[in-house]
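Let me begin by presenting the structure, written as structure tokens, before commenting on it.
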Amino acid sequence: MTQKAIYPGTFDPFTNGHLDVLERALNIFQEVVVVIADNSQKQTLFSVEERLSMIREIIEDYPAVSVEVLHDGLLADYARQKGARAIVRGVRQVKDFEYEFQISLLNRHLYPEVTTVFLMPNVKYTYVASSIIKEVAMLGGDVSKFVHPSVLKSLHGKLDESKQHKPNNI
């Protein structure tokens, strides 16, 4: 059994699909570090601090899981620094795999000792993506089956906040 893996992502927000992949990773690895990518090229609904706080609350009952932020740099370098020999990636569809496969080859080139492990979520989460969750929530849909209660509360808070800042169109 490989000791440590990292599970990187934007996690904006962290969904039950992410949690499902994390739990599957814990069946393989003794320790998993959830790594929040602070990617300045991606526009996120939640700040890094908000995502960190939400994930910490979700993983508090998982002693083998920690969460950290990768502000800058390459994921392969980060994995090497942390002594991780595996990168966990959730793959929902073929389209995800094609992209992730290319990234995994690059990571292996940069850090030959690292292996990317692709995990499929439970079938009920195969269509769940953070972007879809945000869109459905913004349109008033119920996303409670797809996110942790604390994420749902934060999501509603963010949406209420954005409604208050929008000018009324008459």
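Sequential numbering from 1, following the chain as shown.
In case you wondered, yes, glycine gets a Cβ from its N, Cα and C as well.
Going by Swiss-Prot, these are the annotated features:
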BINDING   Thr10, Phe11, His18, Gly90, Val91, Arg92, Glu100, Tyr125, Thr126, Tyr127, Val128, Ala129, Ser130, Ser131  ATP binding site
BINDING   Thr10, Lys42, Leu75, Arg89  substrate binding site
SITE      His18  site 'Transition state stabilizer'
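Features as recorded by Swiss-Prot, highlighted on the structure.
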residue : record                 : contacts (Cβ under 8 Å, 6+ apart)
Thr10   : ATP binding site       : Ile36, Ala37, Asn39, Lys42, Thr44, Arg51, Ser130
His18   : ATP binding site       : Gly9, Phe11, Gly90
Leu75   : substrate binding site : Ile6, Pro8, Val35, Ala37, Ile87, Asn107
Arg89   : substrate binding site : Tyr7, Pro8, Glu100, Ser104, Thr116, Val117, Phe118, Leu119
Val91   : ATP binding site       : Phe97, Glu100, Phe118, Leu119, Met120
Thr126  : ATP binding site       : Gly17, Arg92, Gln93, Met120
Val128  : ATP binding site       : Thr15, Asn16, Gly17, Arg92, Pro121, Phe146
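According to DSSP, Arg89 (substrate binding site) is assigned to a strand segment. In the three-state DSSP scheme, Val128 (ATP binding site) falls into the coil class. Most other Cβ atoms within 10 A: among the binding-site residues Lys42, Glu100, Ser130, that distinction falls to Ser130. Classification of Lys42 (substrate binding site) by DSSP places it in coil, neither helical nor stranded. Once the Cα atoms of Thr10, Phe11, His18, Gly90, Val91, Arg92, Glu100, Tyr125, Thr126, Tyr127, Val128, Ala129, Ser130, Ser131, the listed binders of ATP, are compared pairwise, the greatest separation found is 18 Å.
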